[in-house]
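Colleague: What Swiss-Prot shows for this protein is this:
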ACT_SITE  89  active site, glycyl thioester intermediate
DOMAIN    4-151  domain 'UBC core'
């Protein structure tokens, strides 16, 4: 893996960790920064509201000049997502990709796609047909799937105020856990470094990378 590619991915991960407002989480799988998972909540006012949607992310060797490969791990009833495989039809993940895009911007685009499906360019033709011909049935089924398949993962709440760990933002703890560190170690280091909020983390030298250095030593 090239140093430039590695640095780019590491920077994107750090940016996601520090951006609390985006409501996006990204973490590595088995410490492999070419294979990640992303997660976001279903948008309010849609059949996906209240759901937590996990996306598998594979980073190509020539990233960011080629788009990441993204598939929904969470089953979702949507015209632009295969109900069988989770494959996604979204232009910026194909021919409209640009190196200025990031994993975060791609995940935000996926979240926006849940607000504005494009049934004229479907990934799942059967779902698109229901969307166009019987919209109320589409909404009912999408809500049922959200309820059945998109429950919050254990221990994850993107909005929660933490009281258990001395007021430390739970998103910080959850994000650091994805790097394989124990909760006990994370809390101990964050308390020692006086990190409770995303703002504290932003002001910390080197941000999330600075905390990762502390956890490794």
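Placement of Cβ uses the backbone N, Cα and C atoms for every residue, glycine included.
Not measured: the values here are computed from a predicted model.
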Colleague: Report the mean pLDDT of the predicted model across the domain 'UBC core' (4-151), rounded to a whole number.
Modeller: 94
Colleague: Give the number of CB atoms, excluding that of residue 89 (active site, glycyl thioester intermediate) itself, located within 10 Å of its CB.
Modeller: 18
Colleague: For the domain 'UBC core' (4-151), what are the DSSP-based totals of helix, strand and coil residues?
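Modeller: Counting residues by DSSP class gives 55 helix, 31 strand, 62 coil.
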